């Protein structure tokens, strides 16, 4: 290197380590409509000021590294850096803070949840200066949303395809989840659909194991769908799980499902990955398939209150990546889910515009512009006695999915489906007549039992079943 070059390059550069907050903590910053905004729950190590911790998150998830480097001078850090623009103490929690970070839109590839998450929830989550870090919420700007296709079809198009209106849809996960032969599996699908369900579902564990290869399962399930449709006059579906070990194999399964003429396929979007999910969602839109999404592995990421990522962020990411249904908890069943938090991300899945509401854990106003909505699926430990509460909590635009609550009926699978359909129809009728489902729910179900022996038998079996455990992930005392 010539002396002239060396002198020019060294202007304004000082080697060494400097505090993150000198560059990345900018409390006077005015956020832009095009910024991606993030709310992080930060627990700094002892001795680390919250401003330095928040700035470190902004730096390590955008342009920063642990030391100053020569190549900082070859770009405009002010244009590309993330900025921690506000810090709030979490009431009732020692050494926890909410750090708000703004990211310039140019940091992210268009239409790529994978790239967005690689930056925002990447290596920064292992940063030693932080004891724990959790991403509570994201504000996705409309300019970025418009680079995504989103759900293959959305709520209204799905209802039109199925010709089903004015009530929640009913589903059932086939059990036992593993071990059935393809023929016996198809028989269970047929019995449930014939009994009155709209959908049946592959368990998320079911891919293509030695006891039941995927092609055999697809064929027997298609036969069950067509037979039940012919007998009931209703459009039916089974969530055929296309999740596989490679994207190529996944697409092969989706293509075969389309060739069979079935209405819907399924994907495990977290274990399968966002790149695979987005590819499948694009295929489903182009070929008229609905796409059901299971969230297997979500609790590894979202259940602990101080570290990881809240499910509302995963729900937003799914709406961008693409899916027509996604499992969203039940509030009343066996799986984690506080009511206000659950309703918050259910609205983020379905609605076009959601206002900031800290009482429901929503940190930012979110405008989805023209992106279609996603049906939330309530599934896990629910039965006929839960039907009034589920109908009242989730409303019409939802899927209520009873696995054991259908297949565990003492008279068999079809009577289990009948019991659920009768319970749902009774709740919808009562609601439409102006009755209070929250207060009168049990009485509504008891009255329906008088003209449905199948429902009466189901009510007797599950009359004592409760899952009364306090959720781990709860709102903070101030509504955070």
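The backbone N, Cα and C atoms fix where each Cβ goes, glycine too.
Bear in mind that the values here come from a model prediction, so they are computed numbers and not experimental data.
Look at Swiss-Prot and you will find 175 (among others) tagged as active site, proton acceptor. The Cβ of residue 175 (active site, proton acceptor) lies under 8 Å from the Cβ of 203, 403, 404, 407, each of these being in the same chain and 6 or more residues away along the sequence.
According to Swiss-Prot, the feature active site, proton acceptor maps to 294 (among others), an assignment based on sequence analysis. Within 10 Å of the C-beta of residue 294 (active site, proton acceptor) we count 28 further C-beta atoms, all protein chains included.
Neighbour density for residue 295 (substrate binding site): within 10 A of its CB lie 23 other CB atoms from the protein chains shown. For 123, 173, 177, 295, 327, 379, the entry in Swiss-Prot reads substrate binding site, with the evidence type sequence analysis.
Summarising the annotation, Swiss-Prot assigns Mg(2+) binding site to 201, 203, 204. Neighbours of residue 203 (Mg(2+) binding site), defined as other CB atoms within 10 A of its CB across all chains, total 18.
Positions annotated as N-acetylproline by Swiss-Prot: 3.
Among the features that Swiss-Prot reports, N6,N6,N6-trimethyllysine is placed at 14. Sequence-distant contacts (6 or more apart, same chain, Cβ under 8 Å) of residue 14 (N6,N6,N6-trimethyllysine) comprise 68.
Summarising the annotation, Swiss-Prot assigns N6-carboxylysine to 201. The secondary structure of residue 201 (Mg(2+) binding site), as reduced to three states from DSSP, is extended strand. Sequence-distant contacts (6 or more apart, same chain, Cβ under 8 Å) of residue 201 (Mg(2+) binding site) comprise 171, 172, 173, 174, 238, 239, 266, 292, 401, 403.
What Swiss-Prot lists as site 'Transition state stabilizer' is 334.
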Cβ-centroid neighbours of Mg(2+) site 201, 203, 204, 8 Å, sequence order:
173, 174, 177, 202, 205, 206, 239, 241, 266, 294
Within 10 Å of residue 204 (Mg(2+) binding site) (Cα-Cα), which of the binding-site residues 123, 327, 379?
none
Cβ distance under 8 Å to residue 177 (substrate binding site), same chain, sequence separation 6 or more: which residues?
203, 205, 206
Can you grab the distance from residue 123 (substrate binding site) over to residue 294 (active site, proton acceptor)? Cα atoms, rounded to a whole Å.
26
I'd like the Cβ neighbour count for residue 173 (substrate binding site), meaning other Cβ atoms within 10 Å of its Cβ, all protein chains included.
24
What's the CA to CA span in angstrom from residue 294 (active site, proton acceptor) over to residue 327 (substrate binding site)?
6
Which of 123, 379 (the binding-site residues) has the most other Cβ atoms within 10 Å?
379
Under a three-state reading of DSSP, tell me whether residue 123 (substrate binding site) is helix, strand or coil.
helix
